[in-house]
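*Asks:* Dumping the structure here so I can ask a few things about it.
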């Protein structure tokens, strides 16, 4: 090992390659000379495809050559271009097309609603019917279609994606049916004009596209895990948002993949907008024109800080209100049973209520009810001042800004009503069982709150803030940008919203106020409530590991020995198939521990449930049963052939008995009954023989030679702290870990035990120093040592290990 090379490695490799190439050529020449048919084959087929593995003697069919050429071309593309680049380009292209089609259909739906509303201006009652009926029909269709096709598409999908990336398998969440239900349901829900968003659902849709591309394209079959980590949105900061809301720990090696796919997707999306003549060139979605020479004064920073703190309280209140509505509907058993029977009634009633309150000639005239979310955001980010000295008439309203003008109410009352009404409407609308998110409604509400503060500052300082003799007027649109980023960041517990507003507005002039407000909003919101997605995880009771509290050192005192399950179900190396059958019939464990013996309890590895089922099925297979019956019948025939030939007297006596049997059983019914009894007797004997054979097979010792055993399952020592266990589970995406002491299996910890430990130790007013022994399934260290010396049975029974 520590010797010296007598020849350089490069020279040696070249000589060895030349030698192998010459030997291969000589061998191929000798093989070609064996038959004359090979010469014809050489002339008519592709030489490169011939070397893909087909024998030269037999000529393969034509379709096999096509498949071989396809495989070779795929290998060429992978070797020259790279599977990552091809996959990410396709993913970005698909997401851009899906996003553009969804936006196009949503715009058509919203235009249709306005066309129906504007065409009936002569009759206000018909206007109301058109305004209300249209969204009710779309929301009802979205709820019914989603419920029938794929109920997993309901909601934003981010809580489920967090759980999946955490290592838990959720069925039907990454299927083609879910993709179709998500896209169509989201289009109808947003086309209704309800205060719902699409940013969260698009993270789920991007994950669906990535999973489907990995699953149905054999070319990219090996990068399924990397695809789920991309979670592309149609904006580049969406990568940061996706990482923040879905991943506790993110692999940095996947960051360039997400960035590249998002960049390509955003480019295609904006090119499609230019191609459709929605935009003149590639620009920001909500272009602003704030002044760059002096965007804000230093004295305005306290106002921006106030926006951040107030947004933190507002975000926590929004999450609490959303959870309160869901819990109220679940606790009312009568209402819950009624709505379970009439699943489409609840979304229809909520849509009817929201549409009625936003009816423009009605109460909607005081809260800009006729504007869509996009139009509202465009007007709120306007850099002009709406009201000077609080008088609305002094501002010349142009375009969509006219919706904020009312002859009897100034803009301050309109903005306050808009914020209050949209706040609880959005919290209520996000509980509808349709594909929807809450990011965009919260973003608009935050922009309205920031606009309110900006208009107030403009009214308090009508001549602006003096700086070195130069007068700079207040820009309320900048306050709207700060408020939008702060409130959306507070609800989602993310700081990437600061980057999102920069891309949406196309300016970074207010980068410092936005960062200050977002950080303050997150600090306040995280201390009061979980994020909206974590709240939904708790409501749905998804198997997701909660986060530990801030700055509580007492959690280090809780150890694995206090929370682990001690009665672990396991199998021994010398167990029989009967023990295997017993352990498979109880519970739904995905993996079982393999120990050396019940006395030593040395952990040898873990075996998946599917492997054990395959062993048992192979031992009691139908083929082996038929073989046993066949061998049994052959042996019985041999035994009968050994018997002596019967005499003539015996033959005459048997014939007379047969005659008497025929005379007595003259009736047809008696003959059928005797035949049925005879066949039943034969079947019973056969069943007894099979049962006897099964008992013999179950008593045999299990052969683990053909079984895939994980020789190194993840293990923890008994003194591992709760904090370290939580970090390891989150970092590695574990769902269970075995607890060993000097190689001996003494317990097991799963997500259930860990979650109960965290919820039992971390409280709102502090952390318990040490949980009582009865709170967890474990005992103390002394009892553990006593148990280690006792003999256990080959198969144990756990208290609960549903997560594993």
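Note that Cβ sites are derived from N, Cα and C of the backbone, with glycine treated the same way.
Automatic, uncurated: that is what TrEMBL annotation is.
Small disclaimer: the values here were computed from a predicted structure and weren't measured.
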*Asks:* Kindly point out the range from 264-283, 324-343, 344-363 that TrEMBL annotates with transmembrane segment.
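*Replies:* My reading of TrEMBL: the transmembrane segment range is 344-363.
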*Asks:* From 131-154, 155-178, 371-394, 395-418, which range did TrEMBL mark with transmembrane segment?
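*Replies:* So the range that TrEMBL calls transmembrane segment is 131-154.
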*Asks:* Could you check which of 85-110, 501-526, 527-552 is flagged in TrEMBL as transmembrane segment?
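*Replies:* Of the candidate stretches, TrEMBL labels 85-110 as transmembrane segment.
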*Asks:* Most CB pairs under 8 Å with the transmembrane segment (301-323): which of 85-110, 344-363, 470-491?
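*Replies:* Result: 470-491.
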*Asks:* Pairs of Cβ atoms less than 8 Å apart decide it: which stretch in 85-110, 131-154, 423-449, 470-491 has the most with the transmembrane segment (344-363)?
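*Replies:* The stretch with the most close Cβ contacts to the transmembrane segment (344-363) is 131-154.
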*Asks:* Which stretch from 200-217, 423-449, 470-491 shares the most C-beta pairs under 8 Å with the transmembrane segment (131-154)?
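*Replies:* Most contacts with the transmembrane segment (131-154): 423-449.
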